[in-house]
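Asks: Here you go, one structure.
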Amino acid sequence: MVKFMKIKSIAAKNLLSFDDFKITFEDGDVVTIFGPNNVGKTNLFRVLKLLRNIINEKISAVDLEIYLHNKNLKAAKIEVDVIFDKSDKEVIAKFLKIFFKINAPDLIRLCNNLKLNIINSIIDYFSAGSYIWECSELRCYRPYFMLRLRSLEEDIEKIKIYLKERELSEITPDLIDHSKVIHELDRNVEIIEVTNDLKNIITSSVNALITIYEKNEKLFFSTLIDGKENITTRIGDGNIENIVEISMKDFTKDIEKYEDCFKRLTMDKNILRAFVVLLALDKLLANKMSIYVKKVLEYSKENPWDKEIIEDLKYIVRFCGFDYRDIYEISDISLNDILLKIYENSLIFYEDYLPNEGKVMIPDYMIVELLAGLKNNSLEKNVKSKILELFKTSTTKDDLYLGILSMPSEKWIPSYLFYLKNNANLKLRKRYMKIKEMFEYIFNSGSLSFDVILANNKPDIVVYSEDIEIPLNMVGLGVKKILEILTLVFGYESKVILLDTPFNQLYPKYQKRFSKILKDTENIDSQVFIILHSPYFINNENIFNTFRFYKPKKSTKYICIGSIIKDLEKTFGTVILDRTTRKILLSDAVILLSSALRDIPLFDLAEYEDIPIDEYNIEVIRPQNTLSFGKYYALLQYTSIPYILMLRSWILYNLYEEIKDGEGKVRYKLLEKGKYHKIVEERLNFFKNRHPFWISKEEFDKVINIYIKTLEAHREKLIELGYIYLSSKEEVVKYCIEPLRKQLEDILRKKLFIFTVPTDFIIEPQDLKNIQIEKDKYIVHNYIGYRKDVLKEFKEFFDYFVKFHNLQ
């Protein structure tokens, strides 16, 4: 059973950084999103907030243009898939009870005769669906809900099994037993005609429903009011090609005519339930899925014994944000209004602090009375009774914060914690205790805790350690942030809480403890979305709801980290999610150093030549061997994290191998045709069926072919010159490496982002004494010299790399 409303997917078309974007979430309660700056992470939250603002009419169609991804395309769409929880269904059930009492008493009577609770039957179908908003130059629709009729789909599957067992392709009238009709009613022509008509209506309607399901593989029901409210166009995906006529008019316009016969028919329970649900949906459509307040009030006067309908109406009115005292000014409330309000009330954005700021759900005079009593210790017993009375009469369903007069927004934490701590509802008091427990866990080394007190007749918070008390406004920002986040995460239930980089001010130790709290989702009664830049929150517990956002060109894309980690662990047979992996995942780009260069202090050298490596989140990784290289390369490739390969030119362009003659003298022999340096051969073999994500396989193969052909052509030239053997490294550099580097360097740098350093790039301390005259050509760092010209080349190369990959 779903504990709370959950967002299952979010889709956005032509909005912000999203071209045609959809992200789907797994069953976990915590969703983690990370990635470089300015790639669209926060835009995901902005899309959810935009939908909320459109629902509550805080934004007009004219203002929407600034949100468009492509300003020339005057169209946009948002679709948010959700699963409802028990409390959401309770609200919908109250609405449906009122609706059917007012608009379909004949259907209720019919269902009662069948011993079928129409509300219970139909509310089961309100389990999941999509909030949809779409806008174009022609028209901007009000957001509506596309209900996924999963239970009805299950009923149809059972009907299909029922038919298969009888070797039938469709429901026939013979499957509906009318013997009871003949036995209990007159056998006149009229009764027989009504019975036959009724059986035909049932079979044709449910058969049409089965056909629609088989065409679509899913069943939907839209709450969009567009003047085309009929059951035929509303069941299914709305595609005209998939429409199958469902004819129920004869039955619905005169239920009384068929009632006596209908209740005496015997049929498969799934066929009966499917037909009744169709009747109910048809009634909803016929009345524009709305309850008209005037009709409800008239019904209440005529049926004073029905106290429930007025209580349900009050609940619905307040749920929709109206004051019941203004009931006569309210014309109607639609099912769409209810469903949209569920969405609006469910979202809590961290930057907003609270979703219903300014709405005082408990009268101010009661607050003043309560606070005055709390100040006077002699009224302790009266105070307790006042608190109980206050919170017993408050609306705890929405868990709105305690609006203390005109309390500024920064005071919401004391107000809300005061509300939880003193609530008559034990469940709410336990939330306060949980917040306090988690706060003390995070600060256990400092023995910190907090309490809610009254200061100047207003709730306030003091933080204390042993005998020292500090007001909340005097503690560090990190402590405040932790209390805010704990209050949001543990102080609410049935919410979708969206936290945008909430941990930036927190010391790493506290981030780590927070991550441990979020690993255990058993005590979290809301779905939590977190945008962050911390490695501590990337863990195996939530890995399948962990996503990396990136923007390869102008549109945001994402990668599910869990799927990648699972594939890599299967491929390499080892644990992938380690400390280095987490650092890579959070980086903007990675530099892979060959083993020969692993000791280069790259970040320190970059400062000498103003190479802007530290302006970006760059990780330098030093693979220990080919397997290690393969693991990190695959991770980078799957996650589309840009990378640089940095190695010595001696490796990439060398066609010679070192040998020793009989006297032990070192010489260099030209390798046979098709033979290269060992590392080059390993990499060529590795890339046989792979290619960097930023270029196509064809383009990559073309570059590799140019590389190999150039090496082979130069090998032939060396043979012609008689350079089969060379006597020194300097000769290998002069006749082999440098000529090849000049030919291939540009294409390898610009296409594959391979940067090579010459053999004399590094000057060891003992050799520095011999180059004092040329010291201005070297940077000396920790007694080792590095060629300045190579670093200047790397700066140009790095600038090109940044621009190519659009690093922000």
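Glycine is no exception: its Cβ is also placed from the backbone N, Cα and C atoms.
According to Swiss-Prot, the protein carries these features:
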type    : residues                                               : note
BINDING : GLY35, PRO36, ASN37, ASN38, VAL39, GLY40, LYS41, THR42 : ATP binding site
Asks: Within 10 Å of the Cβ of LYS41 (ATP binding site), how many other Cβ atoms can you find? Include all protein chains, please.
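Replies: LYS41 (ATP binding site) is surrounded by 26 other Cβ atoms within 10 Å.
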Asks: Applying a 10 Å Cβ distance cut-off over all chains shown, what neighbour count does GLY35 (ATP binding site) have?
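Replies: Here the count is 25.
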Asks: Ranked by the number of other Cβ atoms within 10 Å of their own Cβ, which of the binding-site residues ASN37, ASN38, THR42 ranks first?
Replies: THR42
Asks: In sequence order, which same-chain residues at least six apart have a C-beta under 8 angstroms from GLY40 (ATP binding site)?
Replies: LEU16, SER17, PHE18, PHE549, LYS551, THR556
Asks: Around the ATP site formed by GLY35, PRO36, ASN37, ASN38, VAL39, GLY40, LYS41, THR42, list the extra residues of the same chain whose Cβ is within 8 Å of the site's Cβ centroid.
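Replies: Apart from GLY35, PRO36, ASN37, ASN38, VAL39, GLY40, LYS41, THR42, the close residues are ASN43, PHE549, TYR550, LYS551, THR556, GLN808.
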Asks: Validating a neighbour-count step here. Other CB atoms within 10 A of the CB of VAL39 (ATP binding site): how many?
Replies: 22
Asks: Tell me, by DSSP, whether PRO36 (ATP binding site) is helix, strand or coil?
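Replies: DSSP assigns PRO36 (ATP binding site) to coil.
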Asks: Might you list, by sequence position, any residue in that chain lying six or more from PRO36 (ATP binding site) with a Cβ less than 8 Å away from its Cβ?
Replies: TYR550, LYS551, ASP588, ASN617, LEU807, GLN808
